[in-house]
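Single-structure report; data block below.
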Amino acid sequence: MHFSKMHGLGNDFVVVDAVTQNVFFPEEVIKKLADRHRGIGFDQLLLVEPPYDPELDFHYRIFNADGSEVAQCGNGARCFARFVTLKGLTNKKDIAVSTAKGRMVLTVKDDGQIRVNMGEPIWEPAKIPFNANKFEKNYILRTDIQTVLCGAVSMGNPHCVIQVEDIKTANVAQLGPLLESHERFPERVNAGFMQVIDRHHIKLRVYERGAGETQACGSGACAAAAVGIMQGLLDSPVQVDLPGGSLIIEWDGEGHPLYMTGDATHIYDGVIKL
């Protein structure tokens, strides 16, 4: 099997062309490939599949290191666009893809940055999914070690975002797993810890479901910016500083799609026997 190793701000991926190759990934195979000592090592495995709809260019699938399939990965989307361009699978600047829960347009800009139309943030609790009677800008979540206020939103995958005073001392290691598996999120959740610097600038750490804390989470950056704007803390555009680098998020409010712009880096190509 031919693959490429890529990263988006340190969030690393193995990307596989399933358009020209016949591949099959049982959960145990994904876990072996994800092992950083005995496999290749990655946060997520990305599959480029033929489109299910003739109006689209590709279908985009994402698997976590634990073998679970998820519907969205923003950093992965940028790497997906870079991959299909580098491999000559398309020569389009605007690439339309489907995911498990919707559609996205990936734009390769002239400066090499990739702008992703992430669609509209979803606030309705049942669609996140999140157990709540109605939408609120802040929800109270009780855990074994701390009660927190959080915003909840879906960017194609579920996110909760809590505001912290200092990102360096945020209790991500302990609170992250408790939020990820909180009973009010039936499909688990990605937990974002956000420090507001000013109305156009935040710092963020994300504990991702199925992956733990990562260097960067694109959909998490989108969720944090959207929650901050919805709560009246931020204005678009928002620079989001993650441990692995920065993203620019643009959102004009309800009824409008959210855009994420950032880099995607090709590291190397390889071949592995499955």
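Each residue, glycine too, has its Cβ placed from N, Cα and C.
According to Swiss-Prot:
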BINDING   N11, Q44, N64, G74, N75, N157, N190, E208, R209, G218, S219  substrate binding site
ACT_SITE  C73  active site, proton donor
ACT_SITE  C217  active site, proton acceptor
SITE      Y268  site 'Important for dimerization'
Site extent for substrate (largest Cα pair distance over N11, Q44, N64, G74, N75, N157, N190, E208, R209, G218, S219, Å): 17
Fewest other C-beta atoms within 10 angstroms, as judged across C73, C217, which are the active-site residues: C73
Set of same-chain residues at least 6 away whose C-beta sits under 8 angstroms from N75 (substrate binding site): H7, G8, L9, N11, F13, A216, C217, G218, G262, A264
Cβ atoms near R209 (substrate binding site) (within 10 Å, other residues, all chains): 23
8 Å Cβ shell about N11, Q44, N64, G74, N75, N157, N190, E208, R209, G218, S219 centroid, substrate site members excluded: D43, I62, V70, Q72, C73, G76, V206, A211, T214, C217, G220
Fewest other Cβ within 10 angstroms of its own Cβ, chosen from the binding-site residues N64, N190: N64
